[in-house]
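Chemist: Mind looking over this structure? Questions follow.
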Amino acid sequence: MVATKDVLFSTFFFLLIFKLCEYYVFEKNLLSRNKAIELILIIVLVGLFRNNAIYALLGTLPFILFMKKRKKRNNLLFVFILGIFFTLVSNQAFVAITSARPGMQGQMYSVPLQQLARSYINNPDSFSKKEKEELFSYVPEVNLRNYNPRISDYVKGSFTLKHKGNTSIKFLKLWARIGRKNKSNYLDAFLMLTQGYWDPNLQFPDKFYKQPIVELKTYNTVLSKGFYEDSKLPNIRKKIIDRFYTENSYKKIPLFSLLFSSGFVIWILLVTCLYSIYNDLRDFYFIFVFLILYYGTLLLGPVTLVRYVYPYMLVWPILTVFVIIKANEKNIISLTK
C-alpha cells in the first residue's frame, strides 16, 4: 500500500512540474479557467498524498515573486494559494471522516534521534546522569543501543512525548545541549542517514542496511484471500525479479546503473538548476525552489529509499529538456538582436 501511494504521488508530482513548465514558462497567455482548475486539482492531490509536499508548496510562495511578468506572477500566486487552501481543508475533512490518528511521534525527529543515539553509543561520557535520565524518558536505552546509521526506525519507534514533563521544546533543548559536545557525531549521524540522497556511489544493500534499494518483494504482509499473483509470462516475470532483486544485475551495467542511484538523480537536477541560473531563466526559479524544499523534507526523514526519490526520477529528464530548450531560445533571440 505504501509503495502504491508513492507511485501515485510521483505521478501527480510529475504532472505538477510538467504543467507548471507548460503553463508558466512556455505559454505566453494567462491560464484559462479550466487550466487553472486542473492545476489546483493537481496541487491538492500532491498535498494529500504527501504532507511534506504542503510545506514545500508553502515555502515556494515567496519565490514566485521572482517571476518577471506581473500578470503571470499574480495568477500563479492565486493558483498556489487556492491549491494549498483546498489541500488543508480536504486533509482535515478526510481526518474527520475516517477518524484517522496521527502517525509516529518520532517521525519528525528522525535526524535528532539518530544524532542523540550515535552520541550516546560513541560518547556516553558526554551525557550527565540527569541528561541520560531525561533522554531515556523520551527513548528507552535499549532502542538507543539498536542504533542503525541508515535507518531511524529502531530508535524513533519508541519515542514518546506522553511521559510527565516531556515536551517537544524540552526535547529539542536536550538535543542542542548534547550537540554542543558531539559535533562530529551529529554530523556523521546526519550524513550516514542521508547518504543515499547525495552520494551517487552508495550501493544498497550495504553492511548497515540489508534491504535493497530497489524493492520488488514484500515480506510479512497478510493479504486478503481475494489477492493472488497473476502473470501471463510467469517465467519472464520471475527472471526479471531475480535479476533485479537477487542478483542486482543493473549494478553491473556502466552508466545505466546510475539511473537507479537516488544521489545521481539529485546531482543531475542540481546541475540543471545551476544551468538555469547561469542563463538567467528566472521563470524556472520557483520550480527549482519547490524541488529543493521538498528534497529538504526528505533529508529530515527516517531512511533513504528509491520510492521517496521516485518523483525526481520522473521529473529530471523532462525538466532538463525544458531548461535546455528555453536556454537555446534565449540565446537565439540574443544573437538576432
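Each Cβ is built from the backbone N, Cα and C atoms, and glycine gets one as well.
Nobody curates TrEMBL annotations by hand; they come from automatic prediction.
This is the feature table in TrEMBL:
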TRANSMEM  7-26  transmembrane segment
TRANSMEM  38-64  transmembrane segment
TRANSMEM  76-97  transmembrane segment
TRANSMEM  255-277  transmembrane segment
TRANSMEM  284-303  transmembrane segment
TRANSMEM  309-327  transmembrane segment
Chemist: Have the transmembrane segment (309-327) and the transmembrane segment (76-97) got at least three CB pairs under 8 Å, pairs 6 or more apart in sequence?
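Modeler: No, the transmembrane segment (309-327) and the transmembrane segment (76-97) are not in contact.
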Chemist: Taking 3+ C-beta pairs under 8 angstroms (sequence gap of 6 or more) as contact, is the transmembrane segment (38-64) in contact with the transmembrane segment (284-303)?
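Modeler: Output yes: the transmembrane segment (38-64) sits against the transmembrane segment (284-303).
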Chemist: For the transmembrane segment (284-303), name the stretch out of 7-26, 76-97, 255-277 with the most CB-CB pairs under 8 Å.
Modeler: 255-277
